[in-house]
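A.B. asks: One structure coming up, written as structure tokens, with questions to follow.
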Amino acid sequence: MRWSMILIFVAIVIGGLTFMAFSVDEVVSDITLGLDLQGGFEILYRVIPIDEDQEITQDLLNDTYTALYRRVDAMGVSEPDLRVEGEDRIRVRLAGVHDPEEARRFLSTEARLSFRNTDDERLFGGEHLKEGSARAVFDEFNQPVVTVEFKDPELIGQVSAEYLGDIIVIWLDFDEKTDSFAEESLKEDPKYLSAPVVRQPFSTGASITGMPSYEAAQELASLLNAGALPVQLEELTARSVSPTLGERAMDLTVRAGMIGGALIALYMLLYYRLPGLVAALALFFYVYLVLVIFNWMDAVLTLPGIAALVLGIGMAVDANIITNERIKEEIRSGKTIMSSFRAGSKRSLRTIMDANITTIIAAGVLFYFGDFAIQGFALMLIVSIVLSLVTAVLGSRLLLGLLVASRAFDKQPRWFGVKESEISEL
Amino acid sequence: MNFNFDPESNRYQFVKHRYKYFLLSGLLIGLGLLIIAIMGINLGVDFESGSTLEIMIQDQAFTSEEVEAVLADLGLEPGSIRLIGNNNEIAEVRFIGTLDQEQITQVRQAFAEHFGQVDINESTVSPMVARELARQAVYGILLASVAVIIYVAIRFEYRFGVAAIIALFHDALFIVALFALLRLEVDLTFIAAVLTIVGYSINDTIVIFDRLRENMKFAKLKTVEDLEQLVNRSIVENLPRTLNTSITVVFAALALYLLGGEGIRNFSLALLVGLLAGTYSSIFIAAQLWFEWKKRELKKKLFHPQNA
């Protein structure tokens, strides 16, 4: 019996498990969780033209993207995820946003500011605003107002001088077809922002009064600074997960995964004995490696990602089972443990490769042709399969090889789940 | 417990009874298609645009009547209300037609007034997107199938590839039928479940075919009986592996189903059914399909030995 092999085996296992135990917290806490697991808000917009003349081009899409990005930035969301999909779609994912309704309103308003007379004729608009000049302040009556400055004060002064003593209505997102001052002014809560009487021509800037709260004033100021959207946005899908529910889903899923994993490990240990122990250890390594690689790839772990992980566990266990069954067959045919291990490993490798390559091909095709949601799943699946191959083929083989090479288990077929009575005489 | 099956024994006649298995699967597939056809019309909520709200209150249970009453106050009539969670603390409310932002705010406020602190998950799917996602997945699976058949044709024989793909569609159909029957939402989770089963089913079948191919090298196929014995033997030799792999993966899926929370329940249910269908099809259907096809080739050779 060669104790050195057993020692190497024990050293690898204890070293590996210790390393994993100490670093797993860090690895896990670094992983970006998807909305379904940490809460947040996801919305898929279709970009539609503001009027008939507008065509949705790549440039326009990019402008919209930039405008949305500035808005998300103004909301102070960390690590927002925005992407253009297809020809006319933009997906926005905001993790950890607690008030989805507010975020939605903030994102999708076009923020087209316009100054109009009481007959709804447009005098001038947001294009004349000095960039980044909108501010939320309190006026002399301690009321929240938004102040804006104009790029060309002279022009604005001239136009507004015509309306001295009259009203200039300030609108946000005026709809030519449906909105009118005459109608809205009768309402208790009119749609326009404010309708101040012009006491003196607007020279450098204007104040928008009538803000219901300082927060509302701040929101409008950020919107104006972020700029108007060049298009209209139509919501195609929206999903919001409350952080509490997301966290709950995460906790439950992790606990379920651990119990499932423990059951698998126990079953493998009871059924396959020594190779089962190795398989269980390989399984730990596999899950750890997947998390490290997901982390390294900056992948976002979502429920479908967990699906890919589960399938990967299945594949890793399957590879171990295929090998162990082969080894058992060889032992039963009367070979020594050493040559059974060698033959079993060799003959099972081709099977495992064929099965896994077939699945990788399927996943690769899905990745190539699928949209981003399917792509994410396919990519994780490929990573899972490759890692399951690494741990189940290389890892298990190394560990089991050490145990077999120690010769401690020669003539001990029971350790491999084979009864002496099953072994046929050569 | 130990799965030891003697490949020499005549007790396991997986090929002999193949028509019974084909008939059973045919009936189940027919039933599945029927369910899809009939329930598909009633699906409504899934393919018309709709909103789903998941409302959770702290440490309290809902009753459907309470939920309905709160919504009725707002003038909202839900398409369905389902209570989930271990103690019915989560109400899943579905609306036909989408709710707008204002309505969702109102719902949030109304529930907060009645129940104190509430958490709400919201999802709105437009019919266009749901259909697109499903279509993408179907195209993806079809293309992946073609690629798999090509690979298997190069490595093995095209018949293996085609038989594996038929088994795959067999397994996937059960999930689709299940979702139609239980009226579960076709969303990303569903797509992920189907794709997972696609991966599992191919893997599961190819391993048996691999053994079949290996055994074929040593076999002298002179009669149909030889071929039958070969297929039987290959299935039997692989049984311990098939059963053990299925049992372990079912452990994982079952744990996720029972303990994984609501978000993952549909997914793990689909996974469970897909795994069982996959195990069944790889033992009783896939190799038998190949046998049926190969038999024809063998018979041709037998009747025209000069061409062989």
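Each residue, glycine too, has its Cβ placed from N, Cα and C.
Feature list, courtesy of TrEMBL:
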type     : residues  : note
DOMAIN   : A:62-120  : domain 'Protein translocase subunit SecDF P1'
DOMAIN   : A:122-231 : domain 'SecDF P1 head subdomain'
DOMAIN   : A:233-394 : domain 'Protein export membrane protein SecD/SecF C-terminal'
TRANSMEM : A:252-270 : transmembrane segment
TRANSMEM : A:277-297 : transmembrane segment
TRANSMEM : A:303-322 : transmembrane segment
TRANSMEM : A:352-370 : transmembrane segment
TRANSMEM : A:376-405 : transmembrane segment
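Map these features onto the structure and tell me what's around them.
C.D. replies: In the predicted structure, the domain 'SecDF P1 head subdomain' (A:122-231) carries a mean pLDDT of 83.
Residues 34, 36-37, 249, 253, 257, 260-261, 264, 268, 272, 275, 278-279, 282-283, 286-287, 290, 294, 348, 351-352, 355-356, 359, 373, 376-377, 380-381, 383-385, 387-389, 391-393, 396 of the same chain lie 6+ residues outside the transmembrane segment (A:303-322) yet bring a C-beta within less than 8 angstroms of a C-beta in it.
Long-range contacts of the transmembrane segment (A:352-370) within its own chain (CB-CB distance under 8 A, at least 6 residues past either end) are made by residues 315, 318-319, 322-323, 377-379, 381-382, 385-386, 388-389, 392-393.
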A.B. asks: Same chain, outside the transmembrane segment (A:252-270) by at least 6, Cβ under 8 Å from its Cβ: which residues?
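C.D. replies: For the transmembrane segment (A:252-270), the sequence-distant neighbours (Cβ-Cβ under 8 Å, at least 6 residues beyond its ends) are 37, 276-277, 279-280, 283-284, 287, 303, 306, 309-310, 313, 317, 320-321.
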A.B. asks: Can you name the far-off residues of the same chain, 6+ from the ends of the transmembrane segment (A:376-405), with a Cβ under 8 Å from a Cβ of it?
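C.D. replies: Contacts with the transmembrane segment (A:376-405): 2, 5-6, 8-9, 12-13, 274-275, 278-279, 281-283, 285-286, 289-290, 293-294, 297, 299-300, 302, 304-305, 307-309, 311-313, 315-317, 319-320, 323, 337-338, 341, 345, 349, 352-353, 356, 359-360, 363-364, 366-367, 370.
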A.B. asks: Pull the DSSP breakdown for the domain 'Protein translocase subunit SecDF P1' (A:62-120) and write it out as helix, strand, coil residue counts.
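C.D. replies: Its residues divide into 23 helix, 16 strand, 20 coil.
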